[in-house]
């Protein structure tokens with residue numbers, strides 16, 4: 001019988017299905033961090049405190065996504081396949097803000113950017129703690145893109161996976177903005193405090209370290225090689241924008257899921273990072289991260305033909321009185337069959353990780369078109385709470401909404417949101433207008449709960465804000481409030497995203 005801890009033992013022989021060559025379809029619970037099922041749930045927070053915490057996490061996440069997007073776009077253009085290997089290296093300095101000549105985005109770091117200039121960023125070497133299984137580092141190879149700027153405590157959704165033979169449950173961050181799957185492992189000489197036991201690869205019969213010559217090692221943005229043992233070991237090293245880092249062996253293991261239908265499905269030889277150093281601002285209730293991006297090492301890409309290269313999610317609105325969790329689906333369960341689904345193309349920007357589309361227009365209500373507006377790129381991201389627009393576009397949107405919504409305007413006490421209304425004397429049948437986004441070929445209509453958030457009993461605010469405070473470019477982000485009650489499907493084979501209105505509490 002499974003234990004009640006975060007890492008219960010399950011026998012590998014209990015698998016109802018171990019995926020081999022045939023495609024499968026299955027769904028998992030996707031748990032919002034503020035849901036009662038989440039280990040992060042805090043019932044003492046007021047509505048206002050919860051919303052302001054969401055906004056602060058969202059701003060941190062959005063700033064990190066912007067920086068990573070442009071930094072890795074530059075690195076994808078400039079890196080070479082032959083510069084992959086080095087010995088274990090110290091963390092690289094912050095990325096130089098350089099954009100390819102053919103990029104539509106600016107090639108200099110904005111003066112008000114929250115990110116430091118490269119000349120102000122010291123190259124502080126990482127020194128393994130005493131007893132660490134890793135060798136003392138040697139100087140880093142030039143331009144090694146071993147840092148990602150995702151903020152480690154800015155996530156919104158969690159997913160349960162089971163790792164190894166016999167299996168242990170891992171409560172991990174589900175992240176469409178990154179690729180690598182990693183968990184904290186024994187021995188861990190320098191790890192953040194966490195509630196769950198560390199994964200012990202020595203107790204799993206299906207665990208195997210990957211050599212430096214492996215395909216998966218070559219797919220890391222930067223590979224380090226440990227030659228201290230008889231067989232080489234591929235070492236991954238990821239730094240995060242808040243100073244956190246994870247370092248460990250790139251390995252392969254059987255990954256198993258308990259599905260919402262009650263069945264169990266497993267996949268052998270999935271590459272993941274077995275972290276032996278994990279420190280910084282990681283939160284104690286989670287034990288790793290599941291990358292759902294489009295890069296080669298993400299869970300979605302590795303499952304590949306097993307899931308027909310597709311996944312989807314359906315996010316339950318935050319203020320739902322139903323305690324239903326959201327859904328994360330793969331394979332045949334992720335097919336969008338709704339007659340009113342809208343499909344658009346994922347833009348090819350040499351950025352494998354992010355799901356990027358174009359934002360071509362905005363309509364308020366039925367016929368109030370915002371314009372003229374310049375086409376921009378928009379990342380569809382499940383980990384960012386708010387939706388972010390270019391500051392000029394947001395100003396026009398706020399102005400139009402202020403004219404359309406006949407309620408007194410008030411200021412958010414934390415001054416984090418751009419437009420708020422006092423609903424004290426609102427009519428019973430009052431409703432906020434829909435906001436329609438033209439995302440390439442897809443016309444996506446946001447209902448009031450996708451664009452406005454109640455702060456307290458009397459005040460509601462727009463949860464679409466400016467990217468001006470986080471970046472000086474016109475990259476937009478479609479946040480998860482805007483995605484609620486949509487069944488959103490990602491087809492990596494056809495490079496398409498589909499949006500279908502849905503009641504996600506019944507999904």
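Each residue, glycine too, has its Cβ placed from N, Cα and C.
What TrEMBL says about this one:
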- 175: active site (ACT_SITE)
- 381: active site (ACT_SITE)
- 126-142: compositional bias 'Pro residues' (COMPBIAS)
- 157-500: domain 'Peptidase A1' (DOMAIN)
- 1-23: signal peptide (SIGNAL)
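The two recorded residues, residue 381 (active site) and residue 175 (active site), show a Cα separation of 8 Å. Counting every protein chain shown, the Cβ of residue 175 (active site) has 26 other Cβ atoms within 10 Å. Take the CB of residue 381 (active site) and look out to 10 A: across all protein chains shown you find 25 other CB atoms. Summarising model confidence by region, the domain 'Peptidase A1' (157-500) averages a pLDDT of 90.
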